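> One structure coming up, written as structure tokens, with questions to follow.
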């Protein structure tokens, strides 16, 4: 985003039910906004899997190190899942925001609401809806084909969708490219908001001297 005024980054939070397009859209956004947007990298205590790189896929730490990060307020939020800790490092997020780089979070509604409660000033939240439950069912069938799995995910999807009203924006994903375009428009608009233009006062002062 070329601009003579410096802007703070945002925390771009994207949620959708399984099959809604969140993962694909997130990958495309990172590719198309690569100078302005980075993927959130979590801290975890689990062992690295083959091919995973520390600092790219996760920040890998020991459990005592993780607990120390929590006790010293260096984690925005965290949880224990299947015996391993996962969390969002505060410094990674705040440093990027201060440098004008936005951070993308592709997370469920529970994680989204935690970030909204903690960092409301910086969060821009978007919920992605499927065009219809029939279309969502078709997408899930193409993934799995197992009726039990599909029915379970459709039930979960209805519950997840019921939380969309708290998001800043809601997009209906008829077409991936159109959805990416809409989110990029939101991204640009949010970055241009007055409260995020950190060099605005200096710019105005120079203009009216």
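The backbone N, Cα and C atoms fix where each Cβ goes, and this holds for glycine too.
Remember, it's a predicted structure, so these values are computed and weren't measured experimentally.
Features from Swiss-Prot:
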{"type": "DOMAIN", "residues": "9-188", "note": "domain 'Guanylate kinase-like'"}
{"type": "BINDING", "residues": "16, 17, 18, 19, 20, 21, 22, 23", "note": "ATP binding site"}
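Please situate the listed features within the shown structure.
Secondary structure at residue 22 (ATP binding site), as computed by DSSP, is helix.
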> Other residues near the ATP site, CB within 8 A of the CB centroid of 16, 17, 18, 19, 20, 21, 22, 23?
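So the additional residues around the site are 128, 130, 173.
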> Given the binding-site residues 16, 18, 23, which one has the fewest other C-beta atoms within 10 angstroms of its C-beta?
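Looking at the binding-site residues 16, 18, 23, the Cβ with the fewest others within 10 Å is that of 23.
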> Summarise the model confidence on the domain 'Guanylate kinase-like' (9-188) as a single mean pLDDT, whole number.
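Over the domain 'Guanylate kinase-like' (9-188), the predicted model scores a mean pLDDT of 93.
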